[in-house]
Structures are given as structure tokens and as C-alpha cells.
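Q: Quick one: the structure is below, and I'll ask about it shortly.
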Amino acid sequence: MPIGKSAAAVTPRRIAVLSVHTSPLAQPGMGDAGGMNVYIWQTSLELAARGIEVEIFTRATSSSDAPIVEAAPGIRVRNVVAGPFEGLDKTDLPAQLCAFAAGVQRAEAREEPGYFDLIHSHYWLSGQVGWLARDRWGVPLVHTAHTLAAVKNRALAEGDTAEPQARIIGEQQVSDEADRLIVNTEVEASQLADLHDVPLDRIDVVYPGADLATYTPGDGAGARRELGIAPDELVLTFVGRIQPHKAPDLLLRAAAPLIHAHPDRRIRILVVGGPSGTGLERPDALIALARELGIEHAVTFEPPRPPAGLAEVYRASDLVVVPSYSESFGLVAVEAQACGTPVVAAKVGGLSVAVADGVSGRLIDGHDPQEWTAVLDELTANAELRTELAAGATEHARRFSWARTADGLLNSYAKAIEARQEATQTVRRRRRRAGVRA
């Protein structure tokens with residue numbers, strides 16, 4: 001560890017994890033639940049396994065949410081009441097940050113002094129709360145943005161809504177105040193430095209991972225039978241929230257010409273996910289698009305699945321398609337590759353790291369449906385190439401594990417704690433010197 005002190009001296013005993021707008025216990029693929037939920041839950045499991053207590057603060061969204069949930073050994077989820085349980089969109093939550101911050105502060109005040117050693121906030125809403133808690137508790141704040149409004153606004157999908165200026169300002173404030181900033185890839189580090197003027201020496205690049213015990217290669221025949229997919233069908237799968245940003249419509253538009261021109265390939269499109277966001281947010285809209293394109297018979301819609309079920313979907317697929325307009329990483333891509341399924345993805349953000357172009361799949365620059373059709377045509381016509389990419393996918397995915405992610409988090413935490421300790425000692429020395437002179 002490139003830190004001056006021993007690991008024990010800079011390893012937190014207990015951390016407060018802030019996730020205002022979505023609970024790590026929620027099902028990914030529905031509403032606002034997605035990769036961030038998976039990230040928080042999996043890293044919490046890894047940290048708890050190393051003896052670090054993790055308390056996750058999230059907003060209660062149901063009257064049945066218990067105030068405290070002992071979610072796993074060493075992991076406690078605190079459901080904070082902040083605004084009505086239902087009827088609030090993520091865009092409404094800035095008005096509830098005061099209530100949420102009050103709940104966090106009151107929970108900490110009921111514990112002994114020095115209860116938390118560090119705060120790790122996720123997404124800018126949580127960063128605002130973490131900023132206040134950091135100053136109140138006198139502990140370091142480590143922040144992970146997961147997405148940046150300015151990046152998203154540069155690449156809006158048709159029908160999507162631009163992120164408001166208030167969010168951009170909020171992200172700037174958190175970027176200025178956090179002790180350390182964690183990003184998913186070197187691409188995101190460059191974006192954060194350029195857009196928010198953050199010195200690179202305050203940024204730590206930590207790759208997310210995949211649960212390599214769950215997402216493994218295997219026989220997808222059982223999943224195909226369950227989904228009503230024939231053994232000889234070529235399955236192109238989209239997994240994620242149904243929103244313009246994720247671009248599931250691009251898969252339909254790109255595959256439609258192939259379905260019409262090559263009925264012998266028996267191409268099946270599988271869409272796994274639920275509604276979220278603005279614009280093209282309901283499966284009904286995609287169903288209507290499939291009908292318009294004349295491929296309704298070849299498209300299957302499935303609700304989100306838990307990890308074990310999702311692994312079966314990946315194994316049942318010949319290709320997983322990730323056509324997002326922006327991604328800070330792309331967990332779906334890594335999970336699919338870990339199951340031995342090649343990925344066709346947009347060459348944006350962290351997907352250029354998550355997918356090894358020509359080795360574990362293909363990266364496509366841009367969102368022109370014709371270019372996507374050409375790549376899908378090549379891959380659906382060449383079983384040998386798909387087999388080669390499948391082998392490369394499994395190997396590439398081994399680079400990404402949650403254990404390695406936890407190693408990176410602990411390194412960032414250590415830097416933050418040590419810097420805070422040194423700053424405190426400097427202040428004390430100055431005060432002592434001032435006292436002597438007095």
C-alpha cells in the first residue's frame with residue numbers, strides 16, 4: 001500500500017455509506033435501481049468480510065420499510081424517512097435532502113462519539129449529505145459520482161431530458177469538498193478533471209467488478225426452455241432499465257433488417273428490464289416499435305431478474321447488446337462476459353474498458369442503426385467468430401472482481417484517513433505553538 005502508515009492505522013472500523021435515491025436491497029433493472037445498487041451491495045459484502053462494519057443510509061420508500069435492517073453480517077441498512085414514501089421521482093429528491101440529512105445526523109447522534117471513521121457517498125444527492133456529515137463528524141468524505149450530468153448532457157438520446165443545471169452545480173460542490181473522489185475508469189477520471197477542475201491526485205480509479213462465483217459459463221438450455229426460446233434461435237439480449245439513455249430501441253432498429261433479410265438465422269431479441277427515466281420508458285413503447293418494424297413476433301420482454309436468474313439469461317444468449325449513450329462503466333457487459341457471452345457495446349465511457357474490442361466482443365463508435373446492423377450481421381452469420389469471442393469474454397471478465405474493487409476502495413479510504421489525520425495533527429501543532437508564544 002503506497003501509504004506512509006500501516007494498513008491497520010488507516011483502515012476504518014466502521015463506515016457510513018450514503019445512497020439517498022436508491023436502496024442496495026432493491027431489484028436492479030426497475031425504477032432507479034441499477035448498477036449503483038449492485039456496486040454498493042457487493043462492495044459492502046467485501047468490506048464486511050474483511051471485518052469493516054458498513055451502515056448504509058437510504059431513503060425509505062414504503063411504510064413497511066423497517067428503520068434498521070440487518071441485511072448481512074456486518075451490514076446494516078438504515079431506511080431514513082425523508083418525504084412521502086411514494087410519488088417522488090429522483091428529480092424531486094433535492095427538496096428532501098434536509099430531511100434526509102437530519103435523519104442521518106440523528107442516527108449518528110444516538111451512537112457513541114466517533115462512531116463512524118469515514119463516509120462514502122454515492123451519486124451527487126448523497127454527496128451533498130456527506131459534505132454536511134463530514135464537517136459535523138470530523139471524518140473524511142470519499143465520493144463516487146457514478147454518473148456526471150455534464151457527460152450525460154453531451155450525449156443525450158432522442159426523447160431524453162437534459163440534466164438540470166442544479167445538478168451540475170451540486171456535483172461541482174461535492175467535487176470541491178470531498179477528500180477523495182473515486183471513479184470507475186481512467187476515462188471518467190479525465191472527464192472529472194476536465195469538467196470539474198479536480199486535481200488528478202485527488203482522484204482514485206477503481207474498476208467495478210462482477211460476482212465471479214455467480215456469473216460463470218454454463219449451459220443456457222434450461223433458461224431457453226423457461227423463456228420459450230428454441231435451441232436453434234440466435235438470441236440478442238438487452239439487460240437494463242428501459243429508458244432513452246440505455247437505448248434498447250437501437251437494438252430493435254438494428255436487428256430488424258436482419259430478421260427480415262435472414263429468417264433462416266431465427267434471430268430472437270430478448271429485452272430484460274423495467275421502466276425508468278423519461279420518454280421511452282415503458283415496455284409498451286418498445287412493443288409498439290417492434291410492431292412498427294414488423295418484428296413483434298421476434299421480440300420477448302422479461303422483467304428484471306435476481307443475479308442467479310440473470311446469469312441464466314446471459315448463458316441463454318448468443319450476444320448481449322449494450323447500446324447506451326453514456327456509461328461510467330457497464331456492469332451488464334462484464335457480467336455477460338463472465339458467463340462466456342460476447343458483448344456488442346457502444347464505444348462510450350467505461351464500456352471501452354469493460355469490453356475488449358475484437359477480443360471479448362465489439363465496440364461501435366456512434367449510434368447509427370445501420371452501423372449496428374452491419375456488426376450484428378457479421379456476428380450472427382459467423383458461429384466460429386462468436387465462439388472465439390466467447391472464450392475471450394470469459395478471460396477478459398476475470399480482470400474484474402469485487403475483491404479487487406474492495407482493495408481499491410480501501411486504498412482510497414486509507415489516503416483519505418491519513419490525510420485527515422495529518423491535517424488534524426498540523427492544526428494541533430499550530431495551536432500548541434500559538435499557545436507557547438502567547
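Using N, Cα and C of the backbone, Cβ positions are placed for all residues, glycine too.
Positions annotated as 1D-myo-inositol 3-phosphate binding site by Swiss-Prot: HIS21, ASP32, ALA33, GLY34, GLY35, MET36, ASN37, LYS90, TYR123, THR147, ARG167. The UDP-N-acetyl-alpha-D-glucosamine binding site feature in Swiss-Prot is assigned to GLN27, PRO28, GLY35, ARG241, LYS246, ARG305, GLU327, GLU335; the stated evidence is sequence analysis. If you look up Swiss-Prot, you'll see TYR314, ARG315, SER317, THR341 marked as Mg(2+) binding site, on the strength of sequence analysis.
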Q: Run through the Cβ atoms and count how many others sit within 10 Å of the one on ASN37 (1D-myo-inositol 3-phosphate binding site).
A: 23
Q: Quick check: which same-chain residues outside TYR314, ARG315, SER317, THR341 lie with their CB within 8 A of the centre of the Mg(2+) site CB atoms?
A: GLY220, THR237, ALA311, VAL313, ALA316, ASP318, VAL320, ALA336, CYS339, GLY340
Q: If you measure GLN27 (UDP-N-acetyl-alpha-D-glucosamine binding site) to THR341 (Mg(2+) binding site) at Cα, how many Å is it?
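A: The Cα atom of GLN27 (UDP-N-acetyl-alpha-D-glucosamine binding site) is 23 Å away from the Cα atom of THR341 (Mg(2+) binding site).
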Q: Would you mind checking how many other C-beta atoms are within 10 angstroms of the C-beta on SER317 (Mg(2+) binding site)?
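A: Result for SER317 (Mg(2+) binding site): 28 other Cβ atoms within 10 Å.
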Q: Under DSSP, is GLU335 (UDP-N-acetyl-alpha-D-glucosamine binding site) helix, strand or coil?
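A: GLU335 (UDP-N-acetyl-alpha-D-glucosamine binding site) sits in a helix per DSSP.
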Q: SER317 (Mg(2+) binding site): which of the binding-site residues TYR123, ARG241, LYS246, ARG305, GLU327 is the nearest Cα neighbour?
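A: When the Cα distances are compared, ARG305 comes out closest.
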Q: Using a 10 angstroms cut-off on Cβ to Cβ distances, just flag whichever of GLN27, THR341 is the loneliest among these binding-site residues.
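A: Candidates: the binding-site residues GLN27, THR341. Fewest Cβ atoms within 10 Å: GLN27.
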Q: Between GLU335 (UDP-N-acetyl-alpha-D-glucosamine binding site) and TYR314 (Mg(2+) binding site), how far is it from one CA atom to the other, in Å?
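A: Taking the Cα atoms only, GLU335 (UDP-N-acetyl-alpha-D-glucosamine binding site) lies 8 Å from TYR314 (Mg(2+) binding site).
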Q: How many other Cβ atoms are found within 10 Å of the Cβ atom of ARG315 (Mg(2+) binding site), counting all protein chains shown?
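A: The answer is 21 other Cβ atoms.
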Q: Enter the number of other CB atoms within 10 angstroms of the CB of GLY35 (1D-myo-inositol 3-phosphate binding site).
A: 23
